[in-house]
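K.L.:
Before we start, here is the structure in question, set down as structure tokens.
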């Protein structure tokens, strides 16, 4: 008996020692545990344990192997731009940390898009793993969050390049945009996705990030970083992923909320429910399952059954094992985004909130769209599409206008994402429109370049433009004028210039300021409705500002007679109107050019002709003598009421506003426009016969055509009219000299009187030297005074001694 007791005690001690040894091998909860096996399987039955083996984990490395792995890994320093980027992201988005999951899922979706596109032309692309999924797993015990995709994966070089460096130009642009957004008080969380730096948002919640990736053209590698530096090494376990990428986050202490299943599920539904690939979360649920009974329970139940059914035939079939119902926690992958692609559903079945959520998901914007349209196009090509107008213009909308691709239309063929890199899915002027296009009629297994030349794309583009213009037209007037026109008005004007086939439709969307209202903008339809009887032209005046346009001498009589004038205040406005010959049967008239005429009675006509005859000497003198080289002709004006004169361009010449624009453009490109046909056109000099200056000039010319004062006055009037008409003076010094001469005459000062010369003065000593000399003199005087006092004291002392 004693021997048995001793033997039992030894067994207990051996068992305890074995447990302690296992505990010592186990690794503390550090990043190294990320490379160990998950313990989730211990919570499930055998069948679930098998499913658990599919869970996202980095298998099979013990503590010594992990240490050896880290010692052999190649260390890298982050590029300086990446360090700046990460610091800016962490500092600016620390209050919105949850967006890290959105960015990681978005990157995973991009990787899946790439491998699916490759598989269209390479049948072996999916051989490593035919699944196209995103899987997320929380590991509370180890404080780890895993995000795995079966996308294209990354080679070793791509891990170093994509996760350790970034284009310098892209960094600068991103930093500038972040700064601008912060200064404007706008959200910065959308920028990181737009600039492709969303991966670094992982450091908002993680102390360390581990990326395991397998590309079809390389072995599996592990990338690891603590945000200060990173390392890369070949995975000693070999190919455990098949293909794709696992991102493992070692979460910060304050980020433990992101290990809660409900938190992760809510974030996936909030940000990523419209991702085009299934997203799974490793989740638990309680199920009622059948379990075999213990032998005693089964025997007891069998006895009860035999009491109830005593007469049972002996040839009864073989007895089935007894089971009981038990509630059990089961772990499995739960699908988070089981929603059909929104554009594939009938528009009547889609709620407004769903459109808004989809827009935010695919465009990475935080604001709701201003407008959207969901339609199915049929005919030569069938496709489904949803198009959106954003609330605000994308940053840098007109940077290198026309030379940069538009990323805002995503093309799908049979629900397979093809590209967002087409240059002409939309015309340049609609480069702000965002949306998706999905067609079953386009070929799948061709290159992007071949697809871009496909004739059906031109048909799709044509229908997209028509639907976009319909969508814009339906935006409510108040919202259109206050929001859309401020953000995208220039795009519509460029459309009038560039899109000949849709020019009439676009013209109805134009808005301008006018003399009808001091601040509100007006459409051309509204202008035509307000036109005066017998008015056959739409009058417009171009200027650098509304104030300049409405104070121009060209609009004086028009406004006095009650005609409405459109004010063109943007550089592109005059180009736009020039490209639009008419609207609703009414031609446009630039009031700064020839051709402005008013309906006049017979009496008015006779009066005008009499005035023209009266001023004929002055007109001829100006044309043939005083302004011979400066003007084409001089005429009596019908458009001036207050100003003495104006300089009017010919129908084919440049107005003052257009000439300024052309000179500015020429200055930027280094061209000389002085020889340009339009720039070389001479202008017409119009005079106001009722103005006192003009009347007095007529009198003086009749008296003496060679009067130099009158000649100077004519030139000064011409140059003043040049400025008031919006043109630039070629010689401003000569203009200033003439003004000075006219002022001398008006003040009865001799025109040849010279300016008095300033008398020459002897150079004075500087204040600093004088001050220093004064200070030195004072010091010397003080020293001298001190010496005298000392001598007198000595003499006194000697005299006193003599007396004693």
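In case you wondered, yes, glycine gets a Cβ from its N, Cα and C as well.
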K.L.:
Going by the ATP site in Swiss-Prot, where 107, 149, 199 are listed, which of the candidates 96, 124, 162 is also part of it?
P.N.:
162
K.L.:
Suppose you had to name the range Swiss-Prot annotates as region 'Disordered'; which of 216-251, 252-287, 288-323 would you pick?
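P.N.:
My reading of Swiss-Prot: the region 'Disordered' range is 288-323.
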K.L.:
Which range is it, out of 753-756, 801-804, that shows up in Swiss-Prot as motif 'Prevents secretion from ER'?
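P.N.:
Checked against Swiss-Prot: motif 'Prevents secretion from ER' maps to 801-804.
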K.L.:
Just to confirm: which same-chain residues, 6+ apart in sequence, have a Cβ under 8 Å from the Cβ of residue 633 (N6-succinyllysine)?
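P.N.:
In sequence order, the residues whose Cβ lies under 8 Å from that of residue 633 (N6-succinyllysine) (at least 6 apart) are 619, 623, 684, 685.
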K.L.:
So what pLDDT does the motif 'Prevents secretion from ER' (801-804) average out to?
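P.N.:
Reported value for the motif 'Prevents secretion from ER' (801-804) is a mean pLDDT of 39.
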